[in-house]
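Asks: Annotation comment: Swiss-Prot describes 12-18, 40-42, R304, 330-332, 412-414 as GTP binding site, evidence class sequence analysis. Per Swiss-Prot, the feature Mg(2+) binding site maps to D13, G40. Taken from Swiss-Prot, the feature IMP binding site applies to D13, E14, G15, K16, N38, A39, G40, H41, T128, R142, Q223, T238, R302, supported by sequence analysis. The active site, proton acceptor feature in Swiss-Prot is assigned to D13; the stated evidence is sequence analysis. The active site, proton donor annotation in Swiss-Prot covers H41. What Swiss-Prot records for T298, T299, T300, G301, R302, R303, R304 is substrate binding site, and it gives sequence analysis as the kind of evidence.
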Amino acid sequence: MANVVVIGAQWGDEGKGKITDLLSRSADVVVRYQGGVNAGHTIVVDDKVLKLHLIPSGILYRETICLIGSGTVVDPKILLKEIDMLIDNGIDISGLKISSTSHVTMPYHRLLDEAMEADRGSNKIGTTGRGIGPTYADKSQRNGIRIRDLLNEDRLRDVIEIPLKEKNGLLEKIYGIAPLNKDEIIEEYLDYGQRLSKHVVDCTRTIHAAAKNKKNILFEGAQGTLLDLDHGTYPYVTSSNPISGGACIGAGVGPTLIDRVIGVAKAYTTRVGEGPFPTELQGSINDQLCDRGSEFGTTTGRRRRCGWFDGIIGKYAVYVNGLDCLAVTKLDVLDELDEIQVCIAYELDGKEIDYFPTNSDDLKKCKPIFKKLKGWQCSTANCRKLSDLPENAMNYLRFLAELMEVPIAIVSLGANRDQTIVIEDPIHGPKRALLR
């Protein structure tokens, strides 16, 4: 039995959905512990492409409990669309559970998110415009609406009074947007509550019962380490804590319950939205990575910025998450390159540094120092074990493991489930050196 946290080791979009889907085969419970519909993961099953934003990837396994935890923010309209999509694809969603204390993204959150981002002009953060930040802000101000509030009309009427009055004032007087109608919102969201009610549970009790019965629990993070509110490239971050420590807060468990932390990292680096990106590429190689890697956001559809693998942010992710092992994804995207570069240090103000500057202004000034490695220039898409990989691909993986000082447990070579080399199952396997 092992309880495992899966986190993104870069700026999100690392392929966590596929890795979580893979590990969910061995999990009894999968818990999404933070974020909202600003996240997106794509899973390919039997040539079907399923795009999810809120529901954990484990929903594809009939016997698995999939819990949207207390640390998430839920847009019930989008959640119900996901539920309907899964049902239409013949997927049983009886295992879906939603924490009664998850906060709800309301219509005024989305409107404010879009208006505030537009108002920033050239200083925009790159938000998805899905209302995530304003929802978390209301939560912190103790002014939020929770899933449990959608189950009782009197309760909803009471708790919406103050935030709606406040938000309508902002929308109308500052942004020139027509105020929202209270009764219309209440009617709409009570209907959402009624449709979701059979899935609503006490998050902490559900997880505690599973742990007491020695079940395998998988904690699924959204976004990535460098988007963490406290430890990322602030202010170009999300509004929650994707790092492994966020699993304890968002799921309501103690750190001693966590047995292992696996970080997911692409074989190169991407970022969507604004913010510093030391290894960002321009020109033909950037276009090649973007096209071969289908680097367009699941949530926004925006083209992702692409760059070489950054070992400095990788080592930072190892440290702040306490990573036990890595899953390296999209190795196949590098197949056609004759030379691959990896950032091994930065130059900041004329001095070489080997650490991640937590000040975004300093990070913007950092120039990457690269190590050049030979490419393999042949397809890896059909490799199913390490011995199938070209020698230079193996050398590349070994170099990443040595640079980040953490073993590699999984290598992904495409979107399909079977395009994966599992060196060791992070749930069932013992902790030992892999690819080092």
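Each position is counted from 1, following the chain as shown.
Each Cβ is built from the backbone N, Cα and C atoms, and glycine gets one as well.
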Asks: For the IMP site as recorded (D13, E14, G15, K16, N38, A39, G40, H41, T128, R142, Q223, T238, R302), determine the largest distance between any two Cα atoms, in Å, rounded to the nearest integer.
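Replies: Value for the max Cα separation, rounded to a whole number: 34 Å.
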Asks: Hey, how far is T128 (IMP binding site) from H41 (active site, proton donor), Cα to Cα, in Å?
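Replies: Given the Cα positions, T128 (IMP binding site) is 15 Å from H41 (active site, proton donor).
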Asks: Nearest to N38 (IMP binding site) by Cα distance: which of the binding-site residues D13, G15, L331 is it?
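Replies: Checking each of D13, G15, L331 against N38 (IMP binding site), the shortest Cα distance is to D13.
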Asks: Based on Cα distances to Q223 (IMP binding site), point out the closest of the recorded positions D13, H41, R303.
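Replies: Going through D13, H41, R303 one by one, the closest to Q223 (IMP binding site) is D13.
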Asks: I'd like to confirm something. Which of the binding-site residues, G301, R302, R304, has a Cα closest to the Cα of G12 (GTP binding site)?
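Replies: Comparing Cα positions, the candidate nearest G12 (GTP binding site) turns out to be R304.
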Asks: Over all shown protein chains, what is the count of other CB atoms within 10 A of the CB belonging to G12 (GTP binding site)?
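Replies: I count 28 other Cβ atoms within 10 Å of it.
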Asks: When a 10 Å sphere is centred on the Cβ of T128 (IMP binding site), how many other Cβ atoms does it contain?
Replies: 23
Asks: Restricting the comparison to the recorded positions D13, H41, R302, R303, R304, which residue's C-alpha is spatially nearest the C-alpha of L331 (GTP binding site)?
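Replies: For L331 (GTP binding site), the spatially nearest of the recorded positions is D13.
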Asks: Among all the protein chains here, how many other CB atoms are within 10 A of the CB of R302 (IMP binding site)?
Replies: 13
Asks: Given D13 (Mg(2+) binding site) and L413 (GTP binding site), what distance in Å do their CA atoms have, once rounded to a whole number?
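Replies: So the Cα of L413 (GTP binding site) lies 15 Å away from that of D13 (Mg(2+) binding site).
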Asks: Tell me the Cβ neighbour count for G40 (Mg(2+) binding site), meaning other Cβ atoms within 10 Å of its Cβ, over all protein chains shown.
Replies: 19
Asks: Roughly how many angstrom lie between the C-alpha atoms of T42 (GTP binding site) and G301 (substrate binding site)?
Replies: 13
Asks: Just to verify: the residue among G15, G301 with the fewest other Cβ atoms within 10 Å, which of the binding-site residues is it?
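Replies: Counting other Cβ atoms within 10 Å of each of the binding-site residues G15, G301, the minimum falls on G301.
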Asks: Using K18 (GTP binding site) as the reference point, find which of the recorded positions G40, H41, R302, R304 has the shortest Cα-to-Cα distance to it.
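Replies: With Cα distances computed to K18 (GTP binding site), the winner among G40, H41, R302, R304 is H41.
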